[in-house]
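The structure appears below as structure tokens.
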Amino acid sequence: MFIDKIKAKANNDEINVIIEIPMNSGPIKYEFDKESGAVFVDRFMQTTMSYPCNYGFIPHTLSNDGDPVDVLVVSHHPVVPGSVIKCRAVGVLMMEDESGFDEKIIAVPTSKLDITFDHIKELDDVCEMLKKRIVHFFEHYKDLEKGKWVKVTGWENKAKADSLIEEGIERVEKM
């Protein structure tokens, strides 16, 4: 995959997300290597938990932790690692871990991909049980890994998500 050819934004309201980890997959953390374009196994998680949503990143962005902006894509189906999916950001999970701030953008597929998410415009439109599952996952997925921890500090709205995405794009443009 030539990541250099994939833009961060498809248009003003749509972001491109490169999937690293499919929803409900085994307890394996994959990471996309930007130089080779390959998906590597980062580690086998010690907890027997699976990601509640498809997990990936926005290309050509840089978050406060030095990695691309992370995204959880709410969908009905697992998406193959390395796939690019067009999404709309609807909110953000605010959290910290042993490396610092580590926010997760919450996004849904665009109408062209799946019209069943058209009603979700803001984080408040996302199912409460799914939000609880997301929080539970991130509060516990590192529990058995020595020296690792996560603290979920809350949820923020679409405006905050959009702001974090823009900041991530600007960091890369200044490099």
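Glycine too: its Cβ is placed from the backbone N, Cα and C atoms.
Some features that Swiss-Prot has for this protein:
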type	residues	note
BINDING	Lys29, Arg43, Tyr55, Tyr141	substrate binding site
BINDING	Asp65, Asp70, Asp102	Mg(2+) 1 binding site
BINDING	Asp70	Mg(2+) 2 binding site
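Here the features listed in Swiss-Prot are painted onto the structure.
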residue	record	Cβ neighbours (10 Å)
Lys29	substrate binding site	15
Arg43	substrate binding site	12
Tyr55	substrate binding site	23
Asp65	Mg(2+) 1 binding site	15
Asp70	Mg(2+) 1 binding site	23
Asp102	Mg(2+) 1 binding site	19
Tyr141	substrate binding site	20
Where the record names Lys29, Arg43, Tyr55, Tyr141 as binding substrate, the maximum Cα to Cα distance in Å: 15
Within 8 Å of the Cβ centroid of the substrate site residues Lys29, Arg43, Tyr55, Tyr141, which other residues of the same chain have their Cβ? Ile21, Pro27, Ile28, Tyr30, Asp42, Met45, Tyr51
Translate the DSSP assignment of Lys29 (substrate binding site) into the three-state scheme. strand
In whole Å, how far does the CA atom of Tyr141 (substrate binding site) lie from that of Asp102 (Mg(2+) 1 binding site)? 14
Helix, strand or coil at Asp102 (Mg(2+) 1 binding site) [DSSP, three-state]: coil
Based on Cα distances to Lys29 (substrate binding site), point out the closest of the binding-site residues Asp65, Asp70, Asp102. Asp70
